[in-house]
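As annotated by Swiss-Prot, active site, thioimide intermediate applies to 34, with the evidence given as sequence analysis. According to Swiss-Prot, the feature active site, proton donor maps to 41, an assignment based on sequence analysis. Sequence annotations record features per position, and here Swiss-Prot assigns substrate binding site to 56, 57, 58, 75, 76.
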């Protein structure tokens, strides 16, 4: 498995595809670059999803998130991109991606992107 930042999200078969369950992850070291100022933006990315047939492999997720480190992107765009890329890789029953960005200019920004319907009881 690679050790450099990569947009290649690896997956593995859901070990319990017949049972709806939630997977939650928190990635507190996310960074990207503000496209307006060129300054770094720091965020905690929170993922919650109910898998269907595939689950995301954690090291590939870490390397995927690292791949944004030098990319100029708006908070709204990168949060939605992460959600879209995870949907493409996993085809989950439901997913929520929250980008909780550090204060910049006195403003704290939280962006939430969702896909699918959350199964009842999960």
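Cβ from N, Cα, C; glycine included.
Listed recorded positions: 41, 57, 76. The one with the lowest count of other Cβ atoms within 10 Å of its Cβ is 76. It is 26 Å from the Cα atom of residue 58 (substrate binding site) to that of residue 34 (active site, thioimide intermediate).
Most Cβ neighbours within 10 Å, among the recorded positions 34, 56, 58: 56 holds that distinction in the structure as shown. A distance of 25 Å separates the Cα atom of residue 56 (substrate binding site) from that of residue 41 (active site, proton donor). Cβ neighbour count for residue 75 (substrate binding site): 18 (other Cβ atoms within 10 Å of its Cβ, all protein chains included). Secondary structure at residue 56 (substrate binding site), as computed by DSSP, is strand. Taking the Cα atom of each, the residue listed as 'active site, thioimide intermediate' and the residue listed as 'active site, proton donor' are about 6 angstrom apart.
Of all the binding-site residues in the record (57, 75, 76), the one with the smallest CA separation from residue 41 (active site, proton donor) is 75. Site extent for substrate: the farthest pair of Cα atoms among 56, 57, 58, 75, 76 sits 24 Å apart.
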